[in-house]
Amino acid sequence: MGKRSRQRQKNQTGWGAGYADIVKENKLFEHYYKEQGLVPDGEFEQFMEALREPLPATIRITGYKSHAKEILHCLKEKYFKDIQELEIDGQKIEAPQALSWYPDEQAWHTNMSRKIIRKSPLLEKFHQFLVSETESGNISRQEAVSMIPPLLLKIEPHHKILDMCAAPGSKTAQLIEMLHSDMDVPFPEGFVIANDVDNKRCYLLVHQAKRLNSPCIMVVNHDASCIPTLQIDSDGKKDILFYDRILCDVPCSGDGTMRKNIDVWKKWTTSNSLHLHGLQLRIAVRGVEQLAVGGRMVYSTCSLNPIEDEAVIAALLEKSEGALELADCSADLPGLKWMPGVTSWKLMTKEGQWFSDWSEVPSSRHTQIRPTMFPPKDPEKLASMHLERCMRILPHHQNTGGFFVAVLEKKSLMPWNKRYPKVGKQAEEAPKGASLTQEATAKQDGVCGPPPLKKMRLFGYKEDPFVFLTEDDPVFTTIQSFYDLSPGFPKLNVLTRTHEGKKRHLYMVSKELRNVLLNNSERMKVINTGVKVWSRNSDGEEFGCAFRLAQEGIYTLQPYIRSRIIRVSVEDIKVLLTQENPFLSKLEDDAHAQAKKLGMGSIVLKYIPNPNNPAEPQCPIQLCGWRGKTSIRAFVPRNERFHYLRMLGVEVFRDKQGLGQKRRDGDKEGKEEVADEVEKEEEGAAENEEDLDLENANENGSSEPKTDSEQNSYEELNNPYSRSSHSGV
């Protein structure tokens, strides 16, 4: 049975049904964690009971968008009020609460599971709102504990960031948001390179990142334990790229996710963590090698097991010989309840045999159990590590999943780069990457030597090339004059995905990411980068420009556009988003007069808020449109239409009725499952072909219609009042 059919069966027949053999008990798990003493005295039963309860749904409002306050207002004043005091299946629904430790009321939790939200008719409006706003990038349905690592990184807009194990991408989205904290800066100096070893899951990562329409994100596909060292051009000479911030959210046994991944109850055994410890340590070592001195790396797992948590941190600190320090983050997230890291733990085999020290381990088990899995023996060295600065979140303390997080700061170069400068330099500059030496090598040398080279392996699909345009590319001639681009427009940051033939789409990246791309084409496998700003429209040539504006890139591009702009009012936007092809005369007088002065072709529809009228949206809105001969229309993907209409107070909910409704229901289910996949932050399941088509579906949804039949299909997709589009929410 495929993953999706299993998920559907589970959802249709009740929580846990469809897994008849899975009982939420695992005696080995209970015995193991009782012995480790991670849970405070007298709380173990509460801990176990919490693990057996379904995980409550949590949502996060996309923080960098200027619309965040409007969404928050919409949530609080409408949807939260509608659902509180409801009773479903004997359970009273409480009003959602803001997570006390997340800034600016941008994250909320409920006492409802995802299953209840998805299946209850009483919550249909709320559910449609969540799916629609998630698709348009304004909300992320993300587990609460998963939101913690990006906050502890303390991102600034100029930071160069590496996300080592990024799929499915909800933490990556947070990092991008933090880069764009100032919406008036279209190109922050910083960027995010998001990596994942699984080629298929990289496309899920692309889907998540694309919702945020940022020119500062690049998705790459590498084994994190040997991710290549990149070069950048700095003042005419080649420099190694060191990152200011690294998120190292490693693959783990996932026993903190039992509340949503009930397979873990059946599959959990101590050997899972023993198998993963080495990989986790290799990834962490590769991370700190690429961290800039003075930089910060967050190591996190959704496992409660010290073998995957404190043992990895202790081994990393020991190898670093003072180059790394654990940061004290106790005051960083006021309101978050967490347990300090432990300084003693034991190992247990799946047969139940315990070991407290490496010396007790028989040689027959030396390949499975390694010295780095045990606490340091020297009490002074152990105390100097400050392992108590690690943070473990237990499920029963704030009704969350289980989680572990540690923040490392780099004080100096790693010791092997000092001891072996030549070899270390070769390792750093080699395009093949590096991986951690085995303990045996270290034993022979008596020191931790430089990581050996490891060949880079490329998997999956061959990507189209990334081709930057030159400043004198003929494509700019008509674009420059038609849109009256300002002199500061960075032409060199524009790229396309083909060497030959006509350019279909033009994308933009920041100049810093351009630097990375140009200097590392042979070193790294890039899956996706850039935000689409123009798309070819053959009909447009007769009106003066073959390229129309793309909604995805309008907030990046608009600061440079000085013509083709129509200032619109709230009423104008309502007309444009609810009528398929309104006559120019439907606009209010001011916008109508502006439109009459413009020739046919692509336009920007720009709403500027009026602070004297607080009843109207207090954030700028920019929409791509098309000025026809006698009519005007907005080219905005369906879910974005819904988003803007909600902000304007227009009800976009529709009951599911009729054949057209059913036809679109399948689309809704596919998108709903993508949202669920993202929420399964640590499950590691790859997305299938349905998910891969989402990017194309969005592209098609914003393309200029060329024939009557194409126009009709476009209207069905994009107009919230057309016959078949409502159930797609």
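Backbone N, Cα and C define each Cβ position, glycine as well.
Neighbours of Cys302 (active site, nucleophile), defined as other CB atoms within 10 A of its CB across all chains, total 27. What TrEMBL lists as active site, nucleophile is Cys302.
Positions annotated as S-adenosyl-L-methionine binding site by TrEMBL: Cys165, Ala166, Ala167, Pro168, Gly169, Ser170, Lys171, Asp196, Asp223, Asp249.
The compositional bias 'Basic and acidic residues' feature in TrEMBL is assigned to 658-673.
Per TrEMBL, compositional bias 'Acidic residues' is recorded for 674-696.
What TrEMBL lists as compositional bias 'Polar residues' is 710-729.
The domain 'SAM-dependent MTase RsmB/NOP-type' annotation in TrEMBL covers 47-411.
The annotation region 'Disordered' is assigned in TrEMBL to 426-447 (among others).
According to TrEMBL, the region 'Disordered' annotation covers 658-729 (among others).
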Response to the item:
Cβ contacts within 10 Å for Ala167 (S-adenosyl-L-methionine binding site), all chains included, total 28
Discussion item. Roughly how many Å lie between the Cα atoms of Gly169 (S-adenosyl-L-methionine binding site) and Cys302 (active site, nucleophile), rounded to a whole value?
Written reply: 15
Worksheet item: About how far apart, in whole Å, are the alpha carbons (Cα) of Asp223 (S-adenosyl-L-methionine binding site) and Cys302 (active site, nucleophile)?
Response: 20
Practice prompt. Run through the Cβ atoms and count how many others sit within 10 Å of the one on Lys171 (S-adenosyl-L-methionine binding site).
Written response: 25
Worksheet item: Cα of Ala167 (S-adenosyl-L-methionine binding site) to Cα of Cys302 (active site, nucleophile): how many Å, rounded?
Response: 14
